[in-house]
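Taken from TrEMBL as is:
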- 11-388: domain 'Major facilitator superfamily (MFS) profile' (DOMAIN)
- 12-36: transmembrane segment (TRANSMEM)
- 48-65: transmembrane segment (TRANSMEM)
- 77-100: transmembrane segment (TRANSMEM)
- 106-123: transmembrane segment (TRANSMEM)
- 135-160: transmembrane segment (TRANSMEM)
- 166-185: transmembrane segment (TRANSMEM)
- 212-235: transmembrane segment (TRANSMEM)
- 241-264: transmembrane segment (TRANSMEM)
- 276-295: transmembrane segment (TRANSMEM)
- 301-324: transmembrane segment (TRANSMEM)
- 336-357: transmembrane segment (TRANSMEM)
- 363-383: transmembrane segment (TRANSMEM)
Amino acid sequence: MGAGTQAYGKMTLLLVSGALLVLSALYFTVPIIATISEEFAVTPGKAALAGAVFSICFALGCLVYGPLSSRLGRKRVMVAGLIGLSFATLLTCLVGQFHWLLILRGLQGATASTFSPVALTYAGEMFPADRRVTVIGFISTGFLLSGIVGQVLASALTYWSGWQAVFLLFGIFYGVLAACFLLWLPEAPRARKQALHLGASLAAIAKNRSLLCCYIITVTVLLSFVGAYSALAFYLTEPPFSLSFMQIVAIRAAGIVGMALCLFAGRLCRRFGMAAIIRAGLLLAIIGLLLLGMVQTVVMYTLASVVFVAGIALIVPSLIAIIGELGGTSRALATSLYTFILFIGASLGPVLAMQVLEWQLTVTVFHLLAVVLIISLLASTLIKQPAISGQEN
């Protein structure tokens with residue numbers, strides 16, 4: 001019993017570390033766009049492509065590596081991806097031309113995408129039903145925290161040692177993480193049931209109304225999360241607030257308080273059901289967004305953002321878990337589609353937010369995002385609670 005608990009603890013630590021560090025790569029370039037623009041003599045708009053190229057390659061890779069890991073093994077794909085990510089990140093330190101930066105950022109996105117869908121599928125297979133949602137909650141916390149950690153470390157390292165230090169340090173991190181996975185992460189057992197062929201799996205997913213409703217919710221989760229924080233940063237850097245970048249980061253860091261709900265998602269799902277917790281999370285996030293659209297002080301913006309993040313923190317692990325259960329023998333493909341759709345939403349979030357701000361509508365970005373989540377709340381009422389595999393009645 002003790003040895004089993006220790007083994008689960010080690011697996012959880014490795015997966016959460018991977019979630020935090022690998023997804024930080026997505027946010028490296030957000031705070032250093034001006035530095036990249038100056039270094040390579042390109043416009044800030046072109047410099048932002050360093051982030052966009054990563055996101056596109058990451059999203060596309062998520063569609064490939066989940067099903068591929070069913071054939072090659074979860075651990076093997078994650079380790080190979082981490083090794084590739086380490087080399088691509090370290091090589092970025094040496095680039096002197098902008099097109100090479102874009103090529104290597106694309107390679108980083110392609111290799112980083114070996115982790116997210118595969119790690120989530122791995123957790124669904126390796127942990128018993130009574131631990132599964134809790135562990136996914138921990139991993140989800142790592143994913144969400146990476147948005148803060150990646151930006152804070154990139155800002156600090158660029159300020160102290162130059163932008164190359166960001167890629168050097170994280171390249172080393174990924175190499176060490178690959179070694180830890182190779183040495184201490186057990187290989188997932190081969191599924192007893194033969195997975196369906198890709199076409200049959202996609203057809204089964206397309207016919208599953210509950211899964212389709214989950215995917216509608218999925219596209220809105222990071223769309224609203226990234227969109228809301230993009231808008232919040234815009235509002236708080238403008239008069240009358242005129243906050244500095246690090247003050248904005250501090251307000252984002254306050255969201256960690258709300259993220260703590262991720263850690264209780266498993267217990268809440270066991271008591272009330274995954275679908276019910278998704279609905280509760282959506283309702284909480286909607287309330288947070290409506291508050292963000294009404295308040296007018298920095299303190300209240302901070303408190304409202306904590307409420308909003310708490311809702312997102314409930315949605316993400318519950319949504320991942322229910323998609324895994326609804327996916328059945330096509331769990332890997334269902335999870336890969338989830339990750340792909342999730343990061344498509346993340347890419348659309350800031351674009352939507354900035355466009356609404358540019359239009360200068362009387363309705364705030366926060367109110368518009370609240371409407372988007374209300375649509376997801378309606379979709380959530382059509383989700384049927386699945387029986388959790390591995391759990392006795």
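Cβ from N, Cα, C; glycine included.
Among residues of the same chain six or more beyond the transmembrane segment (336-357), those with a C-beta under 8 A of the stretch's C-beta atoms are 52, 55-56, 58-60, 62-67, 113, 116-117, 120, 205, 214-215, 218-228, 230-231, 234, 319-320, 323, 363-365, 368-369.
Within the same chain, residues 209-210, 213-214, 216-217, 220-221, 223-224, 227-228, 231, 275, 278-279, 282-283, 285-286, 289-290, 292-293, 322, 352-353, 356-357 sit at least 6 positions outside the transmembrane segment (363-383) and bring their C-beta atoms closer than 8 Å to a C-beta of that stretch.
A contact links the transmembrane segment (276-295) to the transmembrane segment (301-324), because at least 3 Cβ pairs that are 6 or more residues apart lie under 8 A. Sequence-distant contacts of the transmembrane segment (301-324), counting only residues of its own chain at least 6 positions beyond either end whose CB sits under 8 Å from a CB of the stretch, comprise 120-121, 124, 132-133, 136-137, 139-141, 143-144, 210-211, 214, 217-218, 221, 224-225, 228-229, 232, 235-236, 251-252, 254-255, 257-262, 265-266, 268-269, 274-275, 277-278, 280-289, 291-292, 295, 331, 334-335, 338, 383, 385-386.
Here the domain 'Major facilitator superfamily (MFS) profile' (11-388) has a mean pLDDT of 89 out of 100. Long-range Cβ contacts of the transmembrane segment (212-235) within its own chain (Cβ-Cβ under 8 Å, at least 6 residues beyond either end) map to 144, 147, 205-206, 241, 248, 251-252, 278, 282, 285, 289, 292, 301, 305, 308-309, 312, 315-316, 319, 322-323, 326, 337-338, 341-346, 348-350, 352-354, 356-357, 364-366, 369, 372-373, 375-376, 379-380, 382-383.
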